[in-house]
Protein chains: 2
Amino acid sequence: MGLIRSWVESANREGCDFPLNNLPCGVFSIDGDDPRCGVAIGDFVLDVAALEAEGLIDLGGPLLDVPFWNEVMEAGPATWAALRSRLTGILAKGSADRAAAEPHLWPLSEARMHMPFLVAEYTDFYAGRNHAFNVGSMFRGPENALPPNWLHIPIGYNGRASSVVVSGTDVRRPWGQLKGADHPAPIFAPSRRFDFELEMGAIVGQASEGMVSVARADEMIFGYVLLNDWSARDVQAWEYQPLGPFQAKATATTISPWIVTRAALEPFRVATPARELPLLPHLTEPGPMLYDIALEVWLTPDGGAETVITRTTYAEMYYSAAQQLCHHTTSGCPMNVGDLLGSGTISGAEKDSRGSMLELSWGGKEPLALVGGVTRSFLEDGDRVVFRGGAQGDGYRIGFGECAGRVIAAHADPVDAGR
Amino acid sequence: MGLIRSWVESANREGCDFPLNNLPCGVFSIDGDDPRCGVAIGDFVLDVAALEAEGLIDLGGPLLDVPFWNEVMEAGPATWAALRSRLTGILAKGSADRAAAEPHLWPLSEARMHMPFLVAEYTDFYAGRNHAFNVGSMFRGPENALPPNWLHIPIGYNGRASSVVVSGTDVRRPWGQLKGADHPAPIFAPSRRFDFELEMGAIVGQASEGMVSVARADEMIFGYVLLNDWSARDVQAWEYQPLGPFQAKATATTISPWIVTRAALEPFRVATPARELPLLPHLTEPGPMLYDIALEVWLTPDGGAETVITRTTYAEMYYSAAQQLCHHTTSGCPMNVGDLLGSGTISGAEKDSRGSMLELSWGGKEPLALVGGVTRSFLEDGDRVVFRGGAQGDGYRIGFGECAGRVIAAHADPVDAGR
């Protein structure tokens with residue numbers, strides 16, 4: 001399938017993130033008015049809440065009259081398909097609906113983006129083979145790098161839904177307990193090793209009770225976003241044994257504002273890499289459930305030039321989101337609409353494809369050179385981190401837009417200082 | 001302060017869990033009608049939603065017209081105090097409101113209890129000194145029992161809010177990946193080491209952004225429940241390194257149906273035990289923030305007799321909920337109304353005061369003798385576990401009611417079997 005042409009001409013431009021093939025779901029506002037559901041098309045956002053209110057979209061009852069996509073998700077896959085089909089019809093070249101729809105297009109450059117959905121709960125995984133090996137080598141030495149369970153389970157831990165923010169939100173450097181190896185006791189201080197993690201987020205669009213198969217898990221996923229799981233490495237090193245990361249990961253997790261639906265990504269399915277050990281049957285993929293999505297990380301110091309510091313692909317993951325979701329339910333854990341699953345950090349095999357500063361600077365031992373002679377071991381105040389990603393089709397691109405955040409200075413005294 | 005006498009005579013009975021001094025908050029229904037907010041008094045539940053609807057309670061706007069206590073919590077401490085004061089007035093001996101209130105009393109024996117609040121997120125801590133030492137000894141040997149950070153941080157990890165259920169809900173034995181030390185690879189099978197954990201749950205009643213002091217954290221807590229953090233020990237042993245417990249703790253967490261407010265517990269404040277190492281200043285308690293609450297665990301095999309297997313007290317905790325909540329915000333992590341904090345397993349120093357089967361049977365090596373010649377290493381299908389707890393005042397008791405759950409058999413094939 002090639003590009004589906006739209007009467008919104010910018011959507012037909014080569015390299016555009018948002019052709020008619022994409023139709024990602026977001027929540028936007030213009031000039032401080034009320035946030036509402038929109039779909040990106042070319043250089044515009046289409047106010048689908050207004051289209052529903054005017055009867056141009058009919059999903060069998062109001063689902064777009066709230067500033068989040070959870071109600072559409074809850075309505076289920078048949079509704080997802082109906083909406084996609086209807087929007088394709090409205091926006092296709094030659095559509096009879098053009099005159100009715102056109103007044104509801106707003107320039108993306110004027111739109112302020114909000115969280116596209118209410119996050120029910122947030123789970124972060126550790127499912128990138130190279131990342132696990134790199135980090136394991138630094139924390140436990142190369143011989144113990146990969147934990148014994150790693151090739152059998154998509155290791156995950158519960159994160160903090162309240163800390164998930166939309167692209168563009170500043171991220172304040174956290175305080176935390178830190179302890180140097182040579183110090184007898186910890187101190188309480190701003191993190192000195194604040195980092196990003198390049199991830200994809202999968203959004204659960206259907207609830208479940210009891211365990212679900214990998215096949216059903218795949219069907220439960222509504223779509224994907226870019227995800228930055230900001231991490232305080234020094235806090236993590238001191239706190240994470242024995243019960244895992246906690247405050248090191250609770251400052252913020254930034255997601256891109258557009259949910260790219262599973263339907264839009266369908267042409268880009270790829271299988272997970274070859275298994276190094278056989279998986280137990282319940283975790284085996286019945287078909288390709290990863291996607292080949294090219295990913296980039298751009299780092300820009302305050303007032304400086306931007307540097308691409310990482311290029312990799314989501315196809316590097318050892319486990320797909322469907323496998324992760326299946327594993328998540330093995331205990332009978334109920335899943336809900338709006339649950340967010342972080343893929344785990346995505347690192348390629350090469351140095352310039354690593355998905356965190358921890359790996360790029362090898363724990364600070366090999367500072368990274370940026371454009372303009374600047375170097376970085378970890379993030380400094382004022383640094384802006386931007387993820388970009390997309391899948392390249394035949395004559396079109398399914399893009400994610402940006403997942404961006406700037407690090408701002410820690411509070412001088414954090415106690416009761418508010419955000 | 002002694003017993004406050006009520007015209008509900010059963011509330012004045014010695015040993016009653018719900019005297020007028022208590023006034024715990026729950027959600028109940030009668031004969032399958034709609035769940036609504038109620039307050040326990042003696043052998044009855046008072047339908048406070050009806051009292052508000054009739055104008056007998058005025059909180060400045062409807063807060064009790066929903067089947068959960070989150071709206072009251074969100075309204076803040078002044079509203080909490082106003083409601084308590086008004087209810088004390090209505091229910092006190094000689095109250096002029098008796099005639100208006102009495103029709104809204106329902107026998108507890110006829111009430112079905114529901115979740116008393118919407119759980120925003122759930123965090124579980126590991127803050128009992130004896131439990132940490134016991135479990136650490138079994139998992140890592142006595143010399144490495146207490147992790148280096150344990151005396152500096154109330155160690156916590158994020159749990160799964162979707163798995164929190166109210167007392168009385170059956171708990172299905174989970175499947176999971178298990179791996180024996182002598183086996184080359186894991187298997188997928190029902191857990192063989194399913195366990196309870198005796199905990200208290202603190203309910204966050206006020207939202208925050210940024211870090212909060214221990215003093216402010218204490219003021220944010222609305223009340224407490226008994227909490228059973230069901231745990232699959234064999235799943236936990238295989239999965240928990242390096243990122244902590246995940247599916248081992250996601251089957252269910254049971255809470256008692258009555259939120260006992262901080263106000264009711266005020267007379268029972270005690271300080272945490274002496275520090276073995278000084279805490280950093282931000283975690284130091286400005287006053288006593290634990291409570292002396294006697295706790296018991298009762299175990300009843302299917303068709304068998306009940307045995308008290310544990311007696312201990314919440315005063316055993318090394319960290320208070322206020323300290324835990326402060327630590328939870330050090331990274332800037334936002335907290336929300338309805339966040340639930342599990343204390344961590346509460347074990348005393350003696351064998352018969354241990355708060356889990358893992359400790360009581362020392363990992364299965366010393367099976368526990370129950371009434372009637374039955375023994376237990378871990379929980380078996382049909383076993384009913386009941387927690388009871390209360391603080392003993394001068395002539396009255398602030399009781400929590402029961403936190404009960406029965407283990408039911410695992411699904412024969414869990415995949416897509418639903419709950």
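Note that Cβ sites are derived from N, Cα and C of the backbone, with glycine treated the same way.
Around A:His131 (active site, proton acceptor), a 10 Å sphere centred on its CB holds 28 further CB atoms from the protein chains shown. Annotated active site, proton acceptor per TrEMBL: A:His131, in sequence order.
Positions annotated as Ca(2+) binding site by TrEMBL: A:Asp124, A:Glu197, A:Glu199, A:Asp229. In the three-state DSSP scheme, A:Glu199 (Ca(2+) binding site) falls into the strand class. Counting only same-chain residues at least 6 apart in sequence, those with a Cβ under 8 Å from the Cβ of A:Glu199 (Ca(2+) binding site) are A:Asp124, A:Leu226, A:Leu227, A:Asn228, A:Asp229, A:Gly342, A:Ser343, A:Gly344, A:Thr345, A:Ile346, A:Gly355.
Within the same chain, the residues at least 6 positions away from A:Tyr126 (substrate binding site) whose Cβ sits under 8 Å from its Cβ are A:Ala132, A:Trp150, A:Pro154, A:Ile155, A:Gly156, A:Tyr157, A:Gly344, A:Thr345, listed in sequence order. Residues or ranges marked as substrate binding site in TrEMBL: A:Tyr126, A:Arg140, A:Gln236, A:Tyr240, A:Thr345.
Counted within 10 Å of its Cβ, the other Cβ atoms near A:Thr253 (Mg(2+) binding site) come to 28, all protein chains included. TrEMBL lists A:Asp229, A:Lys249, A:Thr253 with the feature Mg(2+) binding site.
Taken from TrEMBL, the feature domain 'Fumarylacetoacetase N-terminal' covers A:21-116.
The average pLDDT computed for the domain 'Fumarylacetoacetase-like C-terminal' (A:123-407) is 97. The domain 'Fumarylacetoacetase-like C-terminal' feature in TrEMBL is assigned to A:123-407.
Distance from the CA of A:Thr253 (Mg(2+) binding site) to the CA of A:Glu197 (Ca(2+) binding site) is 9 Å. With all protein chains in the displayed structure included, the most crowded Cβ environment within 10 Å among the binding-site residues A:Gln236, A:Thr345 is that of A:Thr345. A distance below 8 A between C-beta atoms marks A:Tyr126, A:Tyr240 as the binding-site residues from A:Tyr126, A:Gln236, A:Tyr240, A:Thr345 lying next to chain B. Distance from the CA of A:Gln236 (substrate binding site) to the CA of A:His131 (active site, proton acceptor) is 16 Å. The Cβ of A:Arg140 (substrate binding site) has 14 other Cβ atoms within 10 Å, all protein chains considered. Maximum C-alpha to C-alpha distance over the listed substrate-binding residues A:Tyr126, A:Arg140, A:Gln236, A:Tyr240, A:Thr345 is 18 Å. Rounded to a whole number, the distance between the Cα atoms of A:Thr253 (Mg(2+) binding site) and A:Gln236 (substrate binding site) is 15 Å. Reduced to three states, the DSSP call for A:Thr345 (substrate binding site) is coil. If you measure from the Cα atom of A:Thr253 (Mg(2+) binding site) to that of A:Tyr240 (substrate binding site), you get 18 Å. The most densely surrounded of the binding-site residues A:Asp124, A:Glu197 is A:Asp124 (count of other Cβ atoms within 10 A of its Cβ).
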